[in-house]
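Copied over from TrEMBL, here are the features:
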- B:43, B:197: substrate binding site (BINDING)
- B:119, B:166: ATP binding site (BINDING)
């Protein structure tokens with residue numbers, strides 16, 4: 001997996017323009033995460049300018065966290081434009097499974113054929129597999145490491161996309177190959193569920209990586225880079241306010257050596 | 001008031017799902033405050049999914065800080081659903097008194113009968129009593145400690161709710177009992193007016209507490225816990241950027257001992 | 001330029017109410033920047049309350065960063081009200097040049113005659129001069145120090161406004177006089193492009209200054225104060241997360257001595 005460092009260097013050299021149609025809660029968070037790691041974010045949703053912006057962008061991130069009918073219209077229009085212009089799209093189906101609107105909107109966006117990567121937590125990806133569980137909020141579906149591998153593969157095959165599932169162990173699958181991404185040290189557990197938008201950060205960062213790599217490598221690289229940055233930040237701060245600040249610092253500072261030291265990536269299928 | 005520590009432990013054990021329909025400025029701030037103290041936030045406003053989300057949630061926070069006609073529609077719909085499903089609601093009438101739209105929207109939300117707690121600053125609560133003064137922004141109405149006690153009681157009786165007024169001394173009343181909440185050390189004065197969304201944080205946190213306590217105890221506990229966290233943060237940082245960061249750290253760290261050391265709660269009526 | 005310290009003291013004495021119609025990404029950022037430096041922000045966009053809010057406010061900031069048709073309607077209505085009530089307006093034409101919608105919306109807002117100051121980066125101001133280049137995102141148009149002086153002057157004369165261009169050297173012109181604002185030490189280069197909303201912060205701060213000074217002096221003072229704060233913050237932190245936090249601290253702490261030590265202001269035309 002030495003290609004992962006190369007991916008990070010490629011990202012920083014290209015400084016890809018990542019177009020985000022995302023939720024109100026994390027717009028600032030994900031813009032700052034993208035800038036910190038070395039990409040260039042734009043947040044824009046107006047139908048009147050989507051055609052021009054999709055043309056300018058290198059990739060797109062669609063995040064349904066605070067969706068409503070107007071924003072769904074923009075998301076679908078943007079996805080169709082991205083498909084037409086061959087710009088890779090990451091979908092973060094925030095809260096899929098919690099409400100029909102979120103599950104159905106995720107399906108509609110997937111049906112455009114524009115999505116190359118779906119990045120969600122366990123419960124969200126489970127809902128895309130057709131299983132609905134009670135989602136407690138959008139941040140904390142019940143994570144089941146035993147089922148993660150199969151779930152990632154199943155949903156990848158169902159939609160013909162790369163699937164990334166975040167959790168204590170991340171899973172990434174394109175249906176043919178499946179990987180587990182694990183931190184070598186367990187320092188993030190006190191803080192990782194105490195800051196909003198971290199999953200959304202991962203999706204945004206994956207969006208930057210798939211502007212410079214194919215979807216499978218880009219997703220693994222993005223999730224590994226984020227995990228390494230979160231481990232380095234948690235080594236310095238075990239409380240949510242300071243951890244959050246240090247996370248941006250480490251997205252900026254992270255390099256191949258940190259990823260190698262902190263992260264274990266294993267092909268499991 | 002030893003029940004206050006219990007309240008904090010109950011909150012952290014239950015990790016209540018708090019549904020927020022709130023303003024754009026503080027969505028991230030209040031989501032992070034809720035996560036830090038131990039609750040689980042969801043921000044959502046789409047009429048198409050409110051029925052399902054209100055059913056999932058343990059409590060609701062309605063904050064009118066950046067209201068417009070679409071959001072007012074969602075707020076009223078959500079309040080009515082909360083009333084029907086018996087989920088307790090906190091209303092933060094941000095800027096009530098500054099414009100008719102804000103004062104009238106606050107009244108309409110109160111008329112749904114869903115609101116259990118109104119949490120505002122002095123000027124906002126004054127406007128709900130039927131007195132209108134010039135509000136300078138939304139953060140700094142003219143605070144009058146002498147009148148705080150009567151004002152909290154008056155508005156509590158008028159609407160049949162618990163009223164919380166934030167300021168150098170906080171007042172909480174259910175119309176029958178009134179309490180003053182005061183910091184034992186005066187360390188926050190340089191920073192408390194220099195960070196946006198702190199009042200909104202208080203309302204969100206009260207929303208988490210009334211998911212595990214009755215409205216009176218929940219409001220006192222929430223306001224006291226926030227005040228203690230802000231005092232501990234201000235002991236470590238006297239500038240707004242760092243104080244803001246430390247505030248999340250202390251919402252996470254705060255426990256009964258800090259509240260006891262930092263806060264004086266007195267029944268004054 | 002000793003008037004610049006006076007401007008900062010006047011601002012802090014008056015604590016002007018700055019009405020912002022701004023983008024979702026930076027609402028929290030610019031509210032906190034305004035509070036930190038000593039102003040009082042309000043963020044509000046609903047047509048139903050604009051008349052009252054414009055009357056209350058001392059100045060207005062219009063920032064088109066996440067514009068759509070509803071928000072454009074509010075921006076134009078607010079600008080016309082500001083014109084009528086003689087409240088000075090800063091326009092931040094975020095992304096002008098990147099899409100027709102942004103360029104044309106900026107022109108429409110300028111045509112109301114309400115705008116006293118246009119503050120943008122090089123590419124945005126270039127687009128208002130009638131030249132369109134490829135804008136890479138909204139944060140990084142190609143800066144050209146050689147052309148900055150003429151560009152500021154040209155656009156100032158074209159629209160009868162004060163123009164502020166941010167960059168390694170800032171340029172400010174009212175068409176008759178042009179100034180260059182430069183940091184005496186070069187410490188910000190690692191971080192200044194790695195935090196979102198810094199340009200929006202500058203516009204908001206200029207909005208506070210023109211509530212207490214004429215547009216030319218207010219723009220110079222606001223841009224110089226921000227530049228000094230960013231230099232002081234960068235002396236303490238060279239990573240984006242911590243730099244961002246320290247920036248609020250320094251907007252709060254900055255005084256005439258820092259501006260004098262850190263910033264060189266020169267009349268160049």
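Start at 1 and count along the chain as shown; that gives each residue its number.
Glycine is no exception: its Cβ is also placed from the backbone N, Cα and C atoms.
Whatever TrEMBL says is automated annotation, not expert-curated.
Of the recorded residues, residue B:197 (substrate binding site) and residue B:119 (ATP binding site) place their C-alpha atoms 13 Å from one another.
Ranking the binding-site residues B:43, B:197 by other CB atoms within 10 A of the CB puts B:43 at the bottom. Closeness to chain C is evaluated for the binding-site residues B:43, B:119, B:166, B:197 by Cβ distance, with values under 8 Å counted; counted residues in sequence order are B:197. Using a CB-CB cutoff of under 8 Å against chain A, the binding-site residues that qualify from B:43, B:166, B:197 are B:43. Within the same chain, the residues at least 6 positions away from residue B:119 (ATP binding site) whose Cβ sits under 8 Å from its Cβ are B:90, B:91, B:92, B:163, B:164, B:165, B:166, B:199, B:202, B:203, B:206, B:219, B:223, listed in sequence order. All protein chains included, residue B:166 (ATP binding site) registers 25 other Cβ atoms within 10 Å of its own Cβ. DSSP assigns residue B:119 (ATP binding site) to a strand segment in the three-state reduction.
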